[in-house]
Amino acid sequence: MEKFPLKSSSIPLNTTTTYQTMNKKYSNGSGISSVTSDDSDMIDITTSTAAGDRNAATRSQDDDDGNLQYSVGFSNMLESGDIPGIGQYDDFHTIDWQRDIARDRMRHRYIVKKKQDSIWTLLAGAHDAWSGWLCVLLVGLATGAVAGVIDIGATWMTDLKFGICPQAFWLNQEHCCWSPSEADLDSGNCSQWKTWAEILGHSSKGAGAYIISYLFYIVWALLFAALSASLVRMFAPYACGSGIPEIKTILSGFIIRGYLGKWTLIIKCVGLILSVSAGLSLGKEGPMVHIACAIGNILSYLFPKYGRNEAKKREILSAAAAAGVSVAFGAPIGGVLFSLEEVSYYFPLKTLWRSFFCALIAAFILRSINPFGNEHSVLFFVEYNKPWIFFELIPFIALGIIGGVIATIFIKANLYWCRYRKYSKLGQYPVTEVLVVTVITAVFAYPNPYTRMNTSQLIYLLFSQCGISNSDDLCDYNRNFTDVNSIEIAAAGDGVYRAVWLLILALVFKLIMTIFTFGMKVPCGLFIPSLCLGAIVGRLVGIFVEQVAYTYQKNWIFSGECSTGDDCITPGLYAMVGAAAVLGGVTRMTVSLVVIMFELTGGVRYIVPLMAAAMASKWVGDALGRQGIYDAHIALNGYPFLDSKDEFAHTSLAADVMQPKRNETLSVITQDSMTLDDIEQLLKETEHNGYPIVVSRESQYLVGFVLRRDLNLAIANEKRMVDGICGQSLVLFTSGHTIQALGPPPLKLKRILDMAPITITDQTPMETIVDMFRKLGLRQTLVTHNGRLLGVITKKDVLRHVKQMDNEDPSSVLFN
């Protein structure tokens, strides 16, 4: 396989660096960030194969048909499987999709061919066929179970800030009281649940009780946040943040060792419960994708077909990402679409089916656990009994525009703060930063009832319709309830105006705190804070439109639906549309967002308003800033990600980008005229990740390509296995057997040679090359002119060139 020029790498390729060291050395953004090494992404390929494959390859070699050349080149790579270590990828390298997929095809052909030999091989073939389904089944089961534990733990610990259930301390407030009426909880009529003031012997009312509750709220929040940040710092630096930018990069083919490991999984789960319980302005939904992918990564090692093949493993990770969103919101279809639209890089039809199955199983398990405590498997089930009116499309689109503006403000401010954190001394004190933000959040959140409550509860409250049982200020209208099924339109009371001011304060506070919270060194998601911001704006707009309709109900705009006196405007619907608008503006999701929203709320009849707001939000967001929050963080951290949604609009050619430039010397290896000393000297003087093999220095016709890592392993293996190898031994990449009789034995390394590297000419447009790198998953391509080798273009060269063309800093790309 193919690696390539690594000109000034700060981490030599042949150095073994432990995962913990990498974490310490490079964590400052979201776990990784500033590897300064220079080049590319070559790594390596294949593992061992069976004799049947070798025989098939030999037959291909004997065939005269030039179309079989690829098989020949690949079979040579397969034959290298007996060299220990070949077939693995190093940290911070990209995989070779073509190589890994071809390797899996050859493995599959071998299994099919051997099926008829015996009962055992028939069973092995059947196991290989259904192992993918079994793997995603296990991922779905595990993801659903873990999500249930996280939901229950976060709910209990959140309520712990307010009080405890003395008879059964392990119950949260709702289960302690077990009352179907939320009014009982809100009014404090539950005798089983005790506030901290009551535990200390005070009454539940009065200034003393308020101060005690305030102090306990702050102390618990600090304790949870400190524990979360400390666990992340000590045991799993990769467990911080939402994880979605890194998951997108990993699914595009990048290797980040330990990012989906068992320690990261454990600390992410525990830290997520703690950071959500601390009352910080974050959510647990985004990190659920990271948790699900970590589960998928760990379970894939039970099936060598996936565990030993990085390209195949990413099919399991795509299905796991769908399961993560499925359990986060109780939205399995939205999860599949989210994986397809937002996260996955390679998504064949087979992966779509398996993702659907995985999301279904995960949602079923979560529904069985029932952490939401209702008969619905969704997070915010609401039922609106009024259809929307056609003229309401205007405020819905206006909400989309407002959502796009709020999202752009958030993204730009958050990026500025994260960049400051990354390059200033603040980044050296992650736990202190978490504690300071937690104290500020707790001190300012407690006095406002809308910021004091759990964010998910607030969103549910904003989505809800006002009915007879609602006692919140938001439902303080001057109306007399005579018919439960028909609510009259009425003027807002004092409580509504008081709630409006508190919601405006809550909006400003949550926007500011989310800017500073997202990107801290604790597990933190963005879905719930974004939905909350949008729901607040939407509810405010809904109340405004409702009061306009009440005041002018005889006007021709409202006369049809509102003239009967019924409540024709549903403010909760506006909250739902506003939530979709802000989340869409922040993430730039469209299709998956609409599906998630109607699955999330059960509001299927409101797809058109959701679509209108989502599109308006995306257009405004794209006009004011090119990238969504995840793509922006990928760029900030320098991850090597070629976005398939971006267009390359420049007119440069391969000759403008290739390394080395026309007047510089290209490091090559000849096929049969270099000694071991020559090769080792070349390896010492250069840091390229791979080398083209040519006929001779005078006639630089391309023979193939060899990886630096493979070369080092093969040389070490030959020295160990063959007696008499010395510095004067010839290194041969040919199959010829004419050896000088008196000289030392040669090193025969043709088996590690890739005889079919991807090549282009120097006049190939970069637009075509960028597409090749995106769609074929290349790590490098060789540049020729009239058959002669001129240079090489690596993925890093492409990324640098794209950044240069876009007037951005090309040195920010992370690679080894």
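Every residue gets a Cβ built from N, Cα and C, even glycine.
Bear in mind that TrEMBL entries carry predicted annotations, made automatically and left uncurated.
Per TrEMBL, the feature transmembrane segment maps to 130-152, 209-229, 263-282, 288-304, 316-340, 352-369, 389-411, 426-446, 499-520, 526-552, 573-598. TrEMBL lists 658-721, 753-811 with the feature domain 'CBS'.
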Reported mean pLDDT - the domain 'CBS' (658-721): 86
Residue counts (helix, strand, coil, in that order) that DSSP gives for the domain 'CBS' (658-721): 24 helix, 17 strand, 23 coil
Stretch contact, the transmembrane segment (426-446) with the transmembrane segment (316-340), Cβ-Cβ under 8 Å, 3+ pairs: no
The transmembrane segment (352-369) in contact with the transmembrane segment (573-598), cutoff 8 A, at least 3 CB pairs, sep 6+: no
Segment proximity, the transmembrane segment (130-152) to the transmembrane segment (499-520), 3 or more C-beta pairs under 8 Å: no
The transmembrane segment (389-411) versus listed stretches 130-152, 526-552, 573-598: most Cβ pairs under 8 Å: 573-598
Intrachain residues whose Cβ lies under 8 Å of the transmembrane segment (573-598), provided they are six or more past its termini: 325, 329, 331, 333-335, 337-338, 340-342, 382, 384, 388, 395-396, 399-400, 402-408, 410-411, 459, 462-463, 526-527, 530-539, 541-542, 545, 604, 606-607, 609-611, 613-618, 620-622, 627-631
Residues from the same chain, set at least six apart from the ends of the transmembrane segment (526-552), whose C-beta lies under 8 A from its own: 242, 281-286, 328-329, 392, 395, 398-399, 402-403, 406-407, 410, 455-456, 458-459, 462-463, 474, 489-492, 496, 500, 503-504, 506-507, 510-511, 514, 517-518, 558, 562, 567-583, 586-587, 629
Summary of DSSP states over the domain 'CBS' (753-811), given as helix, strand and coil counts: 24 helix, 18 strand, 17 coil
